[in-house]
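Record features, source TrEMBL:
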DOMAIN    2-94  domain 'CS'
TRANSMEM  146-168  transmembrane segment
TRANSMEM  215-233  transmembrane segment
TRANSMEM  245-265  transmembrane segment
TRANSMEM  277-302  transmembrane segment
TRANSMEM  322-341  transmembrane segment
Amino acid sequence: MMLTPLVYWAQRHEEIYLRVELTDAQVKTQSLTFFFLCVINCSARGHGAKGQNEYEFSLEFLFPVKPEVSYKSTQRQVNVVVGKEKRGWWERLVTQERKPVFLAPDFDRWLEESDAEMEIREKEERRNRLRSARLKEPGFISLKTGFLFAYNLVQFLGFSWIFVNMTVRLFIFGKDSLYDTFHTISDVMFFCQTLAAVEVLNAAFGVVRTGVVPTFIQVIGRNFILFIIFGSLDEMHNRPVVFFVFYLWSAIEIFRYPFYMLGCFNTEWKTLTWLRYTVWIPLYPLGVLAEAVAVLQAIPIFDKNKLFSIPLPKAIGGSLSFSYVLQGYLILMFLGLFINFRHLHKQRKRRFRTKKRKAN
Ligand SMILES: CCCCCCCCCCCCC[C@@H](O)CC(=O)SCCNC(=O)CCNC(=O)[C@H](O)C(C)(C)COP(=O)(O)OP(=O)(O)OC[C@H]1O[C@@H](n2cnc3c(N)ncnc32)[C@H](O)[C@@H]1OP(=O)(O)O
């Protein structure tokens, strides 16, 4: 007659643990019967209650289980882990209500359902903590950080090239350099300002912690001047106003982008932070003023060449000059200036207040 070992059991939501009381056991067969995968048969040779012998047991589980079974034979016992086919808590292990005599709860591993849920939550929390600790590790660069760093680096290089080029040309050619800024600089400026659309997407998708409206106003405002006023009117290309607009735009960016690059690695250089949050105070109104001058200079040109003019119904005849749009835009510019000036002032206060609090 085949002998049966003592089997202890416990469960979690996703698996069943069986502990078979056999020392130095050699598991011979261990299989699951493929009828709904409910029955496990296990036979082994080892030292049990009846000394060194062949032992065997069979269990018909209450619900289906997964076909893969893992078992580990140690000097003291055989540990078997069986996965539940469907996650859940079983009221008992086997189909028959009266449990087999060789089966008993494994109190070393026993957990009630609520405790098992708590164990899952704790595991999840531990995993989350580990994940965020990993993200903070000095050597760990996330995809987002890499992307932001690369973006800021490209913009920094672009605007530095613009700023340095314009400064050097100003020193070499003096006043003459004011008249050919568009021809020497515009390609790089077109590239940088087109790329700046990424900043609106970054704000909209929460890649960086900033408002969409100020970023949108900034990018649209500049691109309107660059593409519509300068880009579409040849008559504007040789005007000194291009120099002032480009110089004021790039003067802030050579501080703003390196500031973000350091921020990507949670580092800062105090002087750079101060420059990023201070230089805009004179530059922003001056920039808007230069842009407004460009718009005012463009109005008579649009009136004359009828570019972008809106045709009126035949009964009235003629067309509506684009200069009316520009007059409306002049008002929007000062509204935009007000919104962004207030935003930058808030960012400045937030930055320096936090720093002061940290220092105390
Ligand atoms: C109502 C619709 C009207 C539409 C019509 C438009 C009318 C247009 C008129 C507009 C006039 C525009 C005039 C303008 O062109 C003139 C000039 O530019 S003159 C030159 C001076 N200009 C400036 O100083 C402005 C420069 N630009 C900016 O500062 C930004 O573009 C702005 C959106 C205005 C503000 O930036 P932001 O809100 O992002 O503030 P912070 O720099 O403090 O950043 C906040 C946090 O986000 C992190 N961040 C942001 N960007 C990045 C990035 N690229 N990479 C990594 N991290 C980034 C930053 O680190 C902060 O994080 P934390 O707080 O954790 O430090």
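For all residues, glycine too, the Cβ spot is worked out from N, Cα and C.
Counting residues 6+ beyond its ends, the transmembrane segment (146-168) has Cβ neighbours under 8 Å at 177, 181, 184-185, 188-189, 191-192, 195-196, 198, 202, 207-208, 243, 246-247, 249-251, 253-254, 257-258, 260-261, 264-265 in the same chain. Within the chain, the transmembrane segment (215-233) has long-range Cβ neighbours (under 8 A, six or more residues past its boundaries) at 182, 186, 189-190, 193-194, 196-197, 199-200, 202-203, 242, 245, 249, 291, 294-295, 298, 301-302, 305, 307-308, 329, 333, 336, 339-340. Mean pLDDT of the predicted structure over the domain 'CS' (2-94): 86. For the domain 'CS' (2-94), the DSSP-based tally of helix, strand and coil residues reads 0 helix, 61 strand, 32 coil.
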